[in-house]
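In what follows, a structure is listed as structure tokens, so that the remarks can point back to it.
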Amino acid sequence: MPTDISPSRPGSSPKGLRRVLRLGRRWSAVMAVAVTASTGATLALPAVLAHAVDAALTGAGTAGALPLAATLAALAGAEAVGQYAGPRISADTAARLRADAVRRVLAARPLAAHRLPVGDVAARLTGSAPQAALAAPAVIYTVTQLAMAAAALVALAVLAPTAALAFLGTAPLGYAAIRRQLRRTATLGEGYQRAQADIATRLLDAVSGSRSIAAAGALDREISRVLRPVPELSRHGRELWDSQRRIAWCSALLAPVTQLAVLAAAGAAVAVGSLSVGGLLAALGYTAIGLGGFGAAQSLLDVSRARAGADRLAELLDAPVPAPGTRPLPSGDGALHLCGVTVDGPGGPGGPGGPVLDRLDLAVPGGGWLAVVGADDAATSALAALATGLLDPDEGTVTLDGVPLADLRPDELRAAVSCAFADPALPGRTVEAAIGPGLPAERVRRAARAARADEFVRRLPDGYRTPPAEAPFSGGERQRLGIARALAHDGRLLVLDDATSSLDAATEAGILHALREQEGHRTRLVVTRRAAVASHADQVAWLQEGRIRALATHEELSALPGYRAVFDGEAAG
């Protein structure tokens with residue numbers, strides 16, 4: 001079944017936030033204890049300071065100095081632990097969220113990004129994950145700041161009731177203004193993230209189709225298309241910063257007004273003798289602590305941002321994972337059939353861009369070599385992804401030797417199908433492991449020779465034992481290593497998706513010769529935009545508007561102007 005990962009929608013749910021809070025429970029507990037201790041020391045500090053001042057003024061000497069020093073030491077220690085635990089929680093949680101989201105998306109299907117564009121996924125992993133990871137510190141600070149403010153208000157009321165009334169007469173007005181701006185800020189933050197993801201999606205689409213854009217001379221049009229959401233992004237950004245400015249302005253204005261009101265009331269109490277000088281200092285201290293509760297505005301803002309980030313990540317983390325197939329692959333020669341296959345575009349069924357592949361039928365006989373040619377890189381790559389099982393069709397079936405790929409056991413599918421891409425990744429501690437992990441050394445070297453990679457690998461400082469990360473491979477060399485990896489795994493179906501696009505003509509000719517002479521026992525499906533590759537295939541499938549326009553040899557199709565036009569941008573690409 002196709003994997004349904006839908007684009008982000010406005011709205012929030014506590015489910016995603018609860019999941020984030022569960023990830024960093026150990027360090028969250030450490031931070032909660034540290035912040036609680038810090039809160040207790042902060043609340044005790046005004047009373048301890050008042051006692052020390054009164055003791056000094058009444059001639060009691062330094063009797064209050066020791067409790068004051070102990071309180072300050074406890075406060076400093078608790079703050080240090082809390083300041084370490086907060087970033088640690090955020091970093092660990094963001095890493096866990098990213099890893100879990102990537103694993104879920106890959107399990108759902110590695111190339112299911114036609115449901116949720118790659119740019120949107122990247123924006124969620126790089127932007128939404130760190131925002132969601134703010135959840136635990138923000139919740140802890142919000143709760144403790146509000147609790148501390150309430151306790152400070154009670155202490156102020158006990159110490160000087162008139163000062164507490166002065167506090168209550170000014171502070172709630174600021175709270176109401178801040179709360180209104182917080183709601184607005186949360187909504188603007190979600191809109192900003194959606195616009196940012198839209199730009200990332202358009203940019204990655206343009207990069208992946210750069211050769212088609214160059215061939216069509218559509219660079220200026222593509223730049224305009226990619227930048228179209230920028231005004232919306234700018235509008236959301238300006239409004240977001242304006243909202244945050246209003247919150248900061250309200251908070252900054254609230255503090256001096258409230259402090260002046262409390263100072264006037266407490267000063268009057270000192271004048272009539274109902275409050276000592278130390279008590280006046282304590283009243284001002286509790287006022288500052290009470291105003292610190294409005295620092296919860298920033299923490300609440302972080303909570304709202306964390307919830308928005310968690311909601312966007314939830315669409316990745318909750319993506320349904322199809323059950324793995326259970327059928328074995330029968331013996332056969334690798335016959336591949338695509339029957340009535342449809343792959344919807346990013347807009348889904350009936351979207352503005354139309355389907356990427358539209359009710360496509362294609363048969364590749366066992367042991368045959370079929371080249372796939374088309375001006376639309378998304379369509380040709382989608383066909384290659386279907387053949388490898390990396391993508392499920394929205395409609396239709398893809399079978400290998402009569403068995404639907406979705407029904408095959410994962411180990412059977414991996415053993416039967418090998419593939420190479422235009423920009424291969426090279427995992428592994430050594431070049432040898434990157435080509436054939438766990439395979440005999442001679443088999444790895446034989447595949448490297450067929451891919452014309454053996455010579456430059458041997459020139460590396462440690463040859464096949466060189467770590468890939470330490471070898472400055474060119475794009476063409478990486479492609480040759482990717483092809484070598486595909487050849488080393490002796491499956492019955494070999495799929496190359498534009499895997500020779502960065503090779504020079506001589507190297508490409510050598511690889512094509514090896515594919516013809518040494519790999520004839522395999523079924524070969526090769527996506528290409530190069531005429532030399534298409535000419536080596538038994539037949540060429542010409543894709544146009546998501547369907548097979550023609551199926552014939554390269555020589556026969558070369559008589560058609562539209563087919564020749566596919567290769568006109570070869571030099572530009």
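Count begins at 1; order follows the chain as displayed.
Using the three backbone atoms N, Cα and C, a Cβ is placed for every residue, glycine included.
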Between 158-178, 368-388, which stretch does TrEMBL give the note transmembrane segment?
158-178
Listed range which TrEMBL flags as transmembrane segment, given the options 88-108, 277-297:
277-297
Same-chain residue ranges lying at least 6 outside the transmembrane segment (277-297) that approach it to Cβ under 8 Å
42-43, 45-47, 49-54, 57, 141-142, 145-146, 148-150, 152-153, 155-156, 159-160, 163, 167, 171, 174-175, 178, 182, 247, 251, 254-255, 258-259, 262-263, 266-267, 269-270
